[in-house]
Amino acid sequence: MYLTVGITGAFPTILIPALTAKNTESVLHLTIDQASWFGSANYIFRSVGCLVAGIGPRTWGWRKLIMLASLLQAGCWLLIYLAPSTHTLFISQSLLGIVSGLIESLSSQYMAEICEPSVRGTLLALIALAVTMGYFIVFSLDYVTKWQNIAAINVSLPLLCIVLVTQIPDSPIWLLSQGRPTHALKSLQWLRGWTSAELVQEEFEKMEAHYKKSTEQSLRSKMVGEYEYELCPTTDKMRLGTSEKQWSRKAIFSSAANLYRDVFREEMLRPFLKCLSLFAIVAFSGLPCLTTYMKKMFQDLDLSINSNQSIMLVTCGALVGNCGCALLVHRVNKKPMLEFSLICCAICLVQAALFLMGHMPGSRDSIAYRWSSVVLISAYYLFANLGLLPISRAYFGEILPHRGREVAASVLTSIFSWFMVISVKTFPALTQALRLEGALLIFAAVCVGGVFFSMSLPETEGKHLQDIEAEVTQRVSINGSKPETSKACSC
């Protein structure tokens, strides 16, 4: 799933230089301004997919929506392969953004819900590895073939994803929310290695108790529009109150509004803002814009090094960082890895800026000078993928409370997409005003700020989602939010 997200993110990196080159033989051509919009289109429309992902899982579940998104993704790649004009490319890239938003928002939450605590951090770190592998595949193919052929090859990957997703069960928590505890138990057995019900009974009972506790306050005696709903204690399902009135249009819209109102609950707001701050650090630390313009950036630097070789070196550095995170996160824990990653990223960016400003020793024509910037950018990607990228995704999947998680996740990923749009769209103007070295220093300052922010994050490695939620919302409980009194219902 995340392999296709990485492929989608990498595609503008190879397409923009191909269509902005003056000596291109293609009938398709992009101006610099069009190229900046094309690079941003994926992130702009990804926010739409993220918002859609906030409502869908409650009805259809994570698995069905992921399969639908993968089918749409295959169609988008086919459209790019057959594109007769730049308008078709823009439309296809926009649709890919919507689909990527769906997949990214759905997959992180699905992974967090189905993984046991001892391996959840490692598996969430592997998400970043899958994304980087997507970049590596695209850059490797760009070394040997044209972008049209790469688009044709990419059609097959979402179809393979559909086949693989059919072999895994729905999330046990989602099955509980649908009133299907038997199926939820079987799903948990499958996810824990086709084990017996007795071996997972304790975990299942804890999960079931947490689900009932987190949903009881939102469902019991809750007013939806002008109609009152109550939670039946024997079936755990929401039922219409004594008025026996039917749904009205106003009630439907009120119900949808209630979904998004959960984001502004005090218990949700604190972890929501922590995730939002993490995403802002990722977006403005330089990763999205350097990735989008990487090939063109190396070409413009005129370092007498093949730009494809430079990109492959940077991607290999990112892969090493992803593998290091997957191997170390359970031993070192998330907070120390995040802080170490941000410090090293800042050092690499400052060193690269100093080289470009000519404050480091060496002749411009020397081999050391030509490779220094490439090596430092590669090291920056290594350290970013060692902690910043995978750990931010892991926190996103772990610290949001169960009640309202789908909607909060969709809003967060939507805002994150707009952060990425701002970062990518302003990068050309930023480099024109401050040159590349000035932009790198700004990115380094963001990383330094991220180090101080990371001190406020909880440590989540090896903990159940229920325990993480209790820790994150503990201050709210101490401050005295009183539990709601509830009515009994006659069933």
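Think of each number as a place in line: the chain as shown, counted from 1.
The backbone N, Cα and C atoms fix where each Cβ goes, and this holds for glycine too.
What TrEMBL says about a protein is an automatic prediction, not a curated fact.
Of all ranges given (36-53, 72-89), TrEMBL attaches the label transmembrane segment to 36-53. Within the chain, the transmembrane segment (309-328) has long-range Cβ neighbours (under 8 A, six or more residues past its boundaries) at 13, 122, 125-126, 128-129, 132-133, 135-136, 139-140, 143, 294-295, 298, 303, 337, 374-375, 377-379, 381-387, 390-391. Here the transmembrane segment (275-294) has Cβ contacts under 8 Å with residues 9-10, 12-13, 16, 39, 43, 135, 310-311, 314, 342, 345, 349, 377, 380-381, 384, 388-389, 392, 395-396, 399-400, 412, 415-416, 419-420, 422-424, 426-428, 439-440, 443, 446-447, 449-450, 453, 457 of the same chain, all six or more residues outside its ends. The stretch from 340-359, 371-395, 407-427 with the most CB pairs below 8 A to the transmembrane segment (119-141) is 371-395. Within the same chain, residues 8-9, 12, 15-16, 30, 65, 69, 89-90, 93-106, 288, 292-293, 406, 409-418, 420-421, 424-425, 427-428 sit at least 6 positions outside the transmembrane segment (36-53) and bring their C-beta atoms closer than 8 Å to a C-beta of that stretch.
Non-local neighbours of the transmembrane segment (340-359) in the same chain are 281, 285-286, 369, 372-373, 376-377, 379-380, 383-384, 386-388, 391, 435-438, 440-441, 443-445, 447-448, 450-451, 454; each lies 6+ residues outside the stretch with a CB under 8 Å from one of its CB atoms. Computed over the domain 'Major facilitator superfamily (MFS) profile' (1-462), the whole-number mean pLDDT of the model equals 81.
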